[in-house]
Amino acid sequence: MKSTLMTASLLILVLLSIVDYASVYAELIDSEISMERQWINACFNICMKISSDQKYCKSFCG
């Protein structure tokens with residue numbers, strides 16, 4: 001009984017650490033995507049001020 005309880009507790013701790021790691025990793029990916037969007041928007045805005053060619057700026061900035 002005691003070993004079953006310890007095994008269950010250990011399993012719960014492992015599962016909680018996996019869920020915690022997954023949520024931190026998801027936040028990291030989300031922040032990277034957000035930073036990439038900010039970079040693309042800034043690039044596009046600067047390009048439009050310089051060239052005013054929307055097609056060129058879209059292809060240049062991604």
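Every residue, even glycine, has its Cβ placed from backbone N, Cα and C.
According to Swiss-Prot, the protein carries these features:
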- CYS43-CYS61: disulfide bond (DISULFID)
- CYS47-CYS57: disulfide bond (DISULFID)
- 1-26: signal peptide (SIGNAL)
Between CYS43 (disulfide bond) and CYS57 (disulfide bond): CA-CA distance (Å)
8
Count the other Cβ atoms sitting within 10 Å of the Cβ of CYS61 (disulfide bond), across every protein chain shown.
16
